Every structure is written in structure tokens, then in C-alpha cells.
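Remarks on the structure that follows.
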Amino acid sequence: MRYSFGFTLAVMVVALVVGSAVGTPRTNLVSSACNGQKIQSGSSFYSTLGSLLVDLEGNTASSGYDYKASRAGSPTAYGRAVCNQGLSQSDCTACLKNLGGRIWNICGYAIGARVQLTDCFIRYEQYSF
């Protein structure tokens, strides 16, 4: 059976569109901005920030793909996470968990950071924004 070039091309385009809409999130580093000040060793901010990142990772997808939160501490940690709205909820969460695991390496324990992957973004600071 022979298929026309147009039919073959249409099948390939549909496969690419479906493949990009379903599957793993794209986690290539797009940009980062890291505060030059670092979290002090033994600082309570480290655990406060860790708790905030877990909250952002776990609640962004179920909160409309754009979620802000804070964790009381000394100092308080403020954060925001955003996902590409074309992702499934599980892919949004997976992207943010990937980023949460890499943010320390990208920004070297900075007291504030903004990191954008292709399909998700996290920002955290010691001040409200």
C-alpha cells in the first residue's frame, strides 16, 4: 500500500505534537540568577527553605500551575513556582522536583535564586515579592 507524501507528513506532524504534549517535561536550564550571599552553615534558613521547596514542588500543579508560598523562620523564606500549562500535573511536579534537586548546585546555596528550566521555574528569597 502506498501513502502520499502529504499523508506521511501529516502523520509525522501529529506524532511530534502528541509527543511534545505527553511525556517527560523538558528540564534544560534556560536561565538562572543567584544572590551572591550564601546561606550560613548551620543556619535555620536552610531547613526553612528546604521545607518551602518541598511545598512548591508538591502544590504547584494542583494550584493552577502558578503557586506562591512562604515558610516562617528566621528569616522567613518566600517562594514561587510556575509550570508550563501544557504539562500534565504529574509532569509539572516532576519538573519542579528535578529543579528542586538541582537548584543547590546551580546557585550554590544562595540566599535567593531564580532558576528557569524549559518547562518550569522556581524563585525563592528572604523577602516577600
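Glycine is no exception: its Cβ is also placed from the backbone N, Cα and C atoms.
What Swiss-Prot says about this protein:
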BINDING   Asn35, Arg114, Glu125  alpha-D-mannopyranose binding site
DISULFID  Cys34-Cys107  disulfide bond
DISULFID  Cys83-Cys92  disulfide bond
DISULFID  Cys95-Cys120  disulfide bond
DOMAIN    27-129  domain 'Gnk2-homologous'
SIGNAL    1-23  signal peptide
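When each of the disulfide-bonded residues Cys34, Cys83, Cys92, Cys95, Cys120 is scored by how many other Cβ atoms sit within 10 Å of its Cβ, Cys34 comes out lowest. Taking Cα separation as the measure, Glu125 (alpha-D-mannopyranose binding site) is nearest to Cys34 of the disulfide-bonded residues Cys34, Cys92, Cys95, Cys107. If you draw a 10 Å sphere around the CB of Arg114 (alpha-D-mannopyranose binding site), it holds 19 other CB atoms from the protein chains shown. The DSSP breakdown of the domain 'Gnk2-homologous' (27-129) into helical (H, G, I), extended (E, B) and coil residues amounts to 38 helix, 32 strand, 33 coil.
Checked against Asn35 (alpha-D-mannopyranose binding site) by C-alpha proximity, the disulfide-bonded residues Cys83, Cys92, Cys95, Cys107, Cys120 yield Cys107 as the nearest.
Of the candidate recorded positions, Cys34, Cys83, Cys92, Cys107, Arg114, the one lying closest to Cys120 (disulfide bond) when CA atoms are compared is Cys83.
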